[in-house]
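Report on the structure given below.
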Amino acid sequence: MKIHIKAPAKINFFLEIKNKRADEYHNLESIMQTVSLYDELSFELAKNMVSLECSDKSLSAYETNIVYKAAMAVKKHYNADKGVKIYLKKRIPIGAGLGGGSSDAASTLEALVKLWNIKTTKDELEQIAIKLGADVPFFLTGGTALCEGIGEIVTPLKSIGELNIILVNPGFGVPTADVYKKIKFPLTNQAKIHTIKDLIFNNSFNKKEAFKSCFNRFEEFVFPNYPEILEIKRVLNELCYASLMSGSGATVFSILDSGIKIEKLKSRLNRCGWKIWFVTTIDTSFHPLFSST
Ligand SMILES: C[C@@](CO)(OP(=O)(O)O)[C@H](O)COP(=O)(O)OP(=O)(O)OC[C@H]1O[C@@H](n2ccc(N)nc2=O)[C@H](O)[C@@H]1O
Ligand SMILES: Nc1ncnc2c1ncn2[C@@H]1O[C@H](COP(=O)(O)OP(=O)(O)O)[C@@H](O)[C@H]1O
């Protein structure tokens, strides 16, 4: 039996830091959204070993790869005596604020309980997920969701429909842990999540209106050290009506309205040597993304 999964990227429409915990992690309030840029994974039943091959040779295929970690976590938690041969095709850029590794990990949890025929619950998988990374539980739900705590308290929100989004990445990554370390308290003018939540609840999360309520606290801590990311934002603001950095960077995104001139946008951004993807928001992360042969 072989299982194929597409693991989607995410963007953060809203990200405010609430405070720092005693264990150095930060409580946050974020609205996360899965989008149609995917890593691809396949899982083939094997005797009892876990093995991983990854298309991106800059990533380890062993203990430091979150996919390998996720597989070992399932094996240990359920005392599973089966093995798996995993292939990971990376398409989501690494360290891009798009949650690629976290999504790969969540897909691995979902695939292995199916492949190894393990009886479990979503709650139990969420407990394994949070030990792998703060963003991993979100990807077990996907779509549009409010994430609180350090990211593990996930509340699904109403679908915002299919919005067209452009992702722009400078071609380098930003280490998440370094950005969290840069946060200085007290934060000025805590951003309010209510407006954006109300817009989603009232089916009014559309274009210009929505972008006024989007916010990312990390922008002020990332831009001073990475002027090229600020430059992406400046150029996108010229061509679209607004833009926002995703997570801890380095990707910046804009919501595209129907009047946008795609060719003009492409040629202007390509001239800067940046990578671009045209994607849409997607409702659920997994179920339609699974297939087995
Ligand atoms: C910033 C966000 C926003 O969605 O995403 P990315 O930009 O990485 O995609 C997340 O909070 C990233 O989540 P994730 O990438 O899973 O973080 P982890 O691997 O658990 O942690 C990496 C490091 O970030 C810090 N960290 C992470 C999450 C959190 N709520 N508080 C923290 O202080 C910790 O120092 C930790 O050592
Ligand atoms: N399967 C994986 N995909 C991406 N990054 C991984 C993976 N496994 C481990 N990592 C490590 O996780 C870090 C970045 O994770 P990633 O999810 O790409 O970015 P971000 O946290 O910015 O969304 C990198 O240091 C990378 O080496």
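Cβ atoms are placed via backbone N, Cα and C, with glycine included.
Some features that TrEMBL has for this protein:
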- K10: active site (ACT_SITE)
- D135: active site (ACT_SITE)
- P93, I94, G95, A96, G97, L98, G99, G100, G101, S102, S103: ATP binding site (BINDING)
- 65-143: domain 'GHMP kinase N-terminal' (DOMAIN)
- 208-271: domain 'GHMP kinase C-terminal' (DOMAIN)
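Feature annotations (TrEMBL) mapped to structure.
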| residue | record | DSSP class |
| --- | --- | --- |
| K10 | active site | strand |
| P93 | ATP binding site | coil |
| G99 | ATP binding site | coil |
| D135 | active site | coil |
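Every protein chain considered, the tally of other Cβ atoms within 10 Å of the Cβ of S103 (ATP binding site) stands at 30. Least crowded of the binding-site residues (G97, G99, G101), judged by neighbouring Cβ atoms within 10 Å of its own Cβ: G101.
Taking every protein chain shown into account, P93, G95 are the binding-site residues, and of these the Cβ with the most other Cβ atoms within 10 Å belongs to P93. By the rule that a residue counts when its Cβ sits under 6 Å from some atom of ligand 2, the recorded positions K10, P93, S103, D135 yield nothing. In sequence order, K10, M32, G99, S102, C147, G151, G247 make up the list of same-chain residues 6 or more apart from D135 (active site) whose Cβ falls under 8 Å from its Cβ.
For ligand 1, the neighbouring recorded positions among K10, G95, G97, G99, D135 are G97, G99, D135, by Cβ distance under 6 Å.
Same-chain residues with CB within 8 A of the center of the P93, I94, G95, A96, G97, L98, G99, G100, G101, S102, S103 CB atoms, the ATP site residues themselves not counted, are A9, I92, G247. K10 (active site) is surrounded by 27 other CB atoms, counting those within 10 A of its CB over all protein chains shown. Under DSSP, the residues of the domain 'GHMP kinase N-terminal' (65-143) split into helix, strand and coil as follows: 45 helix, 7 strand, 27 coil. In the predicted model, the domain 'GHMP kinase C-terminal' (208-271) shows an average pLDDT of 93.
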